[in-house]
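The structure appears right after this line, and notes come after that.
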Amino acid sequence: MIPQSFSFFLLHVAHGEQSYSFPEEMKRGSVIGNIAKDLGLQTGALSTRRARIDTEESDKRYCDINVRNGALMVTERIDREGLCGKKASCILKQELVLEDPLELHRISLHIQDINDNAPVFKDVKIDLEIQESAVRGARFLIEEAHDADVGQNSVQQYSLEKNENFILAANGNTVELVLDKELDREKQKEINLLLTALDGGSPQRSGTVVIHVTVLDANDNAPVFSQAGSSFMTELVPKRLLTPPYFSYLANLHGGTAQGTYTQ
């Protein structure tokens, strides 16, 4: 029996993962860390072993290595919102590759959110129509603001400009106007309110929206005779009548006698 011989080739050696955490939007050329020092590599070998950074997930390399000193540097704009949206964590996977022999080191880039976005309302103005017969404590839902940032840098609170009729109730993603003083269309037909959304970043950012309230008429005034006389006609409708059907009584008074008809 002829003995068989086998040859084994070491294709690569994958080592542990090196992690770095830094804020988004760092300038190109900014140093993230010294990966050669962190991995215990000789800087003189980086050039001879053709050290480079490869990416696992896309064709875009967000960092590169300076083979002269081992520094890991930013090479592309890193926009956390564009890369990860509203995810709680944003991690980019890269690899440090050395040749002769082939050696791989995985790199995890943890991208921290910065407060680079302000709260935004969907519309510049919100229109509300409210009956003047609305009772105190009535609530009116308002669409909340949105912020592309996450965590404390997202929307944290709301404030309503001081006014006579409304107060604000905000709980989580629910924002409501609460009627604190009943409306009177005869005194004020329209009301403009300024609502502000604030985030929790530093410096703090904010966004505003104007709430335009139109007060709709309710039948809350009794008839008033414009002048005295022996012959006149008027309409009598119950005060605070809120729901149909509506009836009116037309009265014709003359010389102490009255004749009337009902209309709907």
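Backbone N, Cα and C define each Cβ position, glycine as well.
Model confidence over the domain 'Cadherin' (14-121) is summarised by a mean pLDDT of 93. What TrEMBL lists as domain 'Cadherin' is 14-121 (among others).
According to TrEMBL, the domain 'Cadherin' annotation covers 122-225 (among others).
The residues of the domain 'Cadherin' (14-121), classed with DSSP into helix (H, G, I), strand (E, B) and coil, number 16 helix, 44 strand, 48 coil.
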